[in-house]
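Pulled from TrEMBL, these are the features on record:
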- B:261-372: domain 'ABC3 transporter permease C-terminal' (DOMAIN)
- B:652-773: domain 'ABC3 transporter permease C-terminal' (DOMAIN)
- B:253-278: transmembrane segment (TRANSMEM)
- B:307-326: transmembrane segment (TRANSMEM)
- B:346-368: transmembrane segment (TRANSMEM)
- B:425-446: transmembrane segment (TRANSMEM)
- B:649-674: transmembrane segment (TRANSMEM)
- B:695-716: transmembrane segment (TRANSMEM)
- B:745-764: transmembrane segment (TRANSMEM)
Amino acid sequence: MVLLEAVNVCKTYKNGNQETPVLKDINLQIHKGEFISVMGPSGSGKSTLLYAISGLDRVTSGQVLLNGKDLTRLSEDELASVRLHNIGFVFQHIHLMRNLTLFDNIVLSAYLAGRQDRKSIRQRAGELMAMTGIVHLADHDITQVSGGQLQRAAICRALINSPDILFGDEPTGALNSQSAQDIMRLLADINRQGMTILLVTHDPRVAACTERVLFMLDGRLVAEKKLGKIIQDNPEERRNRENQLSEWLVRQGF
Amino acid sequence: MLLHLLKRDLYKKKSVTAILFIFILLSTLLASAGTNMIRELVSSMSDLLVKSAVPHYVQMHSGTLDERAIERWASDTQLVDMHQIVEMVPVEGSHLYLGHQDTPESTSVMDFYFVRQNEKFDFLLNLSNERVEVSEGEIAVPVFFMQQRNLSVGDRVRIVHPKFIREFTISDFVRDAQMNPSIIHSKRFVIHPADYDFLKQQAGGVEYLIEFRLTDAGKLGEFHTLYQASDMPKVGPSIDLNMFRMLNALTDGVIAVVLLLVSLLLIVIAMLCVRFTLLSTLEEDYREIGVLKAIGASRRHIRSIYLVKYVALSAAAALCGFAASFPAMQLMSSNITLYLGQAERGLLYIVLPLFSAAMMFGLLLLFCTMVLRRFHRISVVEALRSGSIGEAKVSGRRWRLNRNRLLPIPVFLGLKNVFQRLRMFGLLFFVFVASAFLLLVPIHFLNTIKSPDFVSYLGIGRSDLRIDLQYSDRMDERFKSTVDAIRNDEDVERFSPLVTSRFRLLNDDGTVDQLNVETGDFTIFPLEYVQGGAPIRDNEIALSVQNAREMERKVGDTIRLIVGGKEKTMVISGIYQDITNGGRTAKAAIPHDPESVLWYTISLDLKPDVDLQTKIAEYEKAFEPAKVTDLQGYIRQTLGQTIAQLRNLAVVAFFVSIFLSMLMTALFLSLLMAKDRPHTAILRSIGFAHRHIRTQYVTMSLTVLIAGIVTGTILSNTIGQTLVGAIWSLLGASGIRFVIEPVQAYIVCPLILMLAVVVTSWIGTGSARRINIAEMIKE
């Protein structure tokens with residue numbers, strides 16, 4: 001079942017009279033439960049694609065359909081509602097609110113959505129924190145915990161409203177290798193529970209954890225590699241997937 | 001390079017720059033106009049005093065007078081340079097019709113005197129500050145009535161006396177250095193000597209001004225003592241040069257001082273704005289400053305990049321403010337020009353306001369330089385690494401979202417923001433406090449002065465009606481018959497006849513002074529006393545604040561009076577406030593001195609079902625020429641001009657404070673939003689709608705506003721009251737207590753302020769919609 005579809009999506013930046021096309025005729029389908037990564041050299045338009053199809057930015061032309069609803073036709077308030085209820089986002093630099101504790105950061109958007117009572121929200125936040133291993137840090141300020149722990153909290157925040165899809169823009173980019181590995185393991189677990197995930201990354205080890213890898217070049221999706229779901233999370237399988245992917249990337253000129 | 005940076009910065013921060021420009025412009029405008037107004041006031045007043053050759057000392061006198069005795073005394077007194085006796089024919093208000101008015105001036109508290117132009121000094125001047133000359137059948141009317149009754153040259157003035165009718169054509173208007181201000185209840189009309197003789201003959205009875213010019217105006221005190229100790233005529237108040245100066249300068253002087261105070265307030269706000277803007281710019285450019293330092297730019301060079309904008313901005317705004325101050329001054333000094341004329345302007349006309357504008361400019365630059373000292377503290381490595389100065393560390397553990405049960409999330413976040421960044425919101429808080437103060441103090445004062453309770457500052461008790469009898473023939477007789485008539489009037493609930501007469505006062509040093517003492521029963525319409533209470537026994541006296549201050553007496557002290565030819569020690573039973581008669585009055589329960597009666601008054605209360613206005617009309621007819629006024633009318637006429645000016649001031653203050661609040665809210669929010677863009681982008685990315693962001697900012701400004709209003713209200717009720725009291729203590733009211741209309745002060749005004757700030761915040765945060773989430777947080 002197609003969850004999200006991009007149809008002929010274009011994005012052009014204007015600077016005075018000068019126009020710079022960043023996304024050119026992107027067509028993409030994401031199925032429910034998929035775990036996808038987008039790779040490509042710097043400036044290829046990966047992040048722009050992510051922001052454009054997640055409702056954080058507007059496209060210049062084309063359609064973005066989420067559950068059949070065209071995001072490009074929504075008003076700002078409707079789009080905000082989509083971001084609140086249907087989409088979760090994890091950023092490279094985390095972007096938690098500085099003046100809230102970890103727990104408050106996690107529950108903020110759920111309280112705003114107000115779809116559940118506070119007790120249920122707190123319970124769900126507790127479950128997510130337990131799953132990501134940060135339950136003991138609930139009352140900490142964000143300046144008191146490590147980058148990896150902050151990114152776990154950011155994942156909890158993104159999942160608190162049970163979105164349809166989770167986007168990640170280099171979610172491991174600012175972390176050390178151990179933390180990055182832990183986060184990817186966590187994301188894979190979440191995907192196994194049915195969450196659709198789309199990541200942008202430049203790290204083949206991260207992309208190797210996903211089941212489908214899209215390759216972008218100069219604003220276009222130029223290639224695709226299906227790796228399939230990770231069946232057994234062991235070092236050997238991981239190495240195999242990384243090797244497969246590396247060879248493919250070399251062929252793409254990466 | 002500097003010009004390029006300047007242009008870029010101005011373009012980037014158009015609205016902030018515009019608001020700062022307005023503040024600096026307004027403060028220089030007010031400072032320049034205020035100083036120029038003071039200059040105009042001082043020079044016009046001294047010009048008027050010189051051209052009119054104002055007397056240094058004037059003794060008003062009703063009754064008979066021995067001109068030769070005065071002449072002898074004057075020539076024997078070395079201090080006297082010149083003297084003259086000015087005759088005045090009093091005309092009852094009920095006989096006088098001004099201009100197109102169909103009704104006579106019977107309800108006016110003013111005393112109307114018809115005079116000839118003086119020969120030696122105390123000249124009555126026209127609107128060109130030249131001596132007024134009128135032909136037969138013409139009249140020159142005091143400028144007070146020109147303004148109040150909207151009179152112009154060619155209008156008529158009629159005297160409809162039971163014995164005769166006389167009509168005059170207004171040929172000119174009179175500037176009277178002695179009697180210009182409305183607070184002085186005597187007004188002089190100039191007529192031709194032939195007309196004067198006719199009036200004197202027909203109307204009968206004259207009053208006198210015994211006027212002196214001294215060889216040394218600095219010895220007024222000495223002369224006063226000398227005159228009062230003599231047996232010279234003195235049935236009436238005396239007044240001197242200092243009093244003329246003070247009364248002439250009072251109204252416009254207060255306005256000029258208020259202008260200067262407001263300009264100071266504005267410059268303080270402008271300085272705080274500059275500080276906030278500079279620090280925000282510094283925050284934004286922190287990394288760039290680090291880079292500049294890293295490549296070797298000196299502190300001075302970096303500082304000049306930032307300073308140049310403020311030098312240019314302040315210079316342009318100060319120049320515009322200086323230029324605009326001239327037409328503004330023209331408007332504000334129209335009252336001065338009307339009452340005092342316009343003196344030669346000279347070089348000071350340009351130099352003084354220029355100096356004020358330069359002062360404002362200098363203050364701002366000094367402040368900018370001080371703020372920019374922060375550059376010294378920026379370390380290269382720290383700037384490059386963090387890219388942010390960083391605010392004081394904020395804890396998430398205070399104001400836990402999780403514990404919030406009631407407030408909507410955006411409201412909660414707004415409140416949390418305010419309480420965690422109190423220092424930053426200090427600027428806005430200060431402005432809101434100032435706005436509330438500025439809004440409330442004139443309103444409180446206006447309500448106080450309009451309130452019936454204000455009579456307690458006029459030295460009289462509260463009653464429905466007041467009947468005034470000035471000196472005239474057979475006054476004592478008329479007074480008695482009036483009292484009898486009132487006693488027999490069934491409509492009267494209670495009444496109290498009071499007689500003011502002059503007593504001799506023995507000073508501690510053996511010299512003799514005169515003291516106006518009101519006598520009668522002061523328990524019927526009790527007065528509010530600052531200290532002590534009403535005089536009840538016949539050896540008790542109550543003094544006005546001004547008299548007590550000058551005699552250095554307090555309750556329980558004694559003074560010595562000559563009563564019935566014998567020395568009598570009087571114990572001071574109380575001290576009360578009185579701004580009438582120069583603030584120098586006294587009250588005692590002793591028999592009055594029939595030889596030196598100044599005036600009679602009867603205060604009375606009517607029974608509940610009696611119509612006040614009908615009664616006034618009835619009494620006016622019955623007791624003519626007595627003056628019958630209701631209390632409200634008495635206050636209105638005594639303080640009419642002050643009330644009108646205060647009302648204007650309150651309206652201006654209302655709009656200024658609303659404007660100030662809106663402007664500052666817009667400025668502050670635009671800076672704050674620029675600073676908080678990343679924070680806003682995060683909230684938008686997790687689903688906050690535009691209205692949530694707006695609600696957050698509206699909550700912030702409203703919270704600070706509420707705190708500002710509460711503080712401003714407390715300050716206006718305390719410091720404001722003290723400030724107003726200090727100004728009025730000059731006139732004899734030491735302890736003004738505000739009469740506060742709670743609905744107006746605590747509900748209507750705050751609601752209007754809130755509405756203005758909420759609307760400004762809502763509109764001002766519209767730009768949050770333009771924040772591009774992707775641009776702000778893209779990695």
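One is the number of the first residue shown, and numbering goes on along the chain from there.
Keep in mind that glycine also has a Cβ here, set from the backbone N, Cα and C atoms.
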Sequence-remote partners of the transmembrane segment (B:745-764) [C-beta within less than 8 Å, at least six residues beyond its ends]: 432, 435-436, 439-440, 443-444, 657-658, 661-662, 665-666, 669-670, 694, 697-698, 700-702, 705-706, 709, 713
DSSP helix/strand/coil residue counts for the domain 'ABC3 transporter permease C-terminal' (B:652-773): 103 helix, 0 strand, 19 coil
Taken over the domain 'ABC3 transporter permease C-terminal' (B:652-773), the model's mean pLDDT: 88
Secondary structure tally of the domain 'ABC3 transporter permease C-terminal' (B:261-372) (DSSP, helix then strand then coil): 99 helix, 0 strand, 13 coil
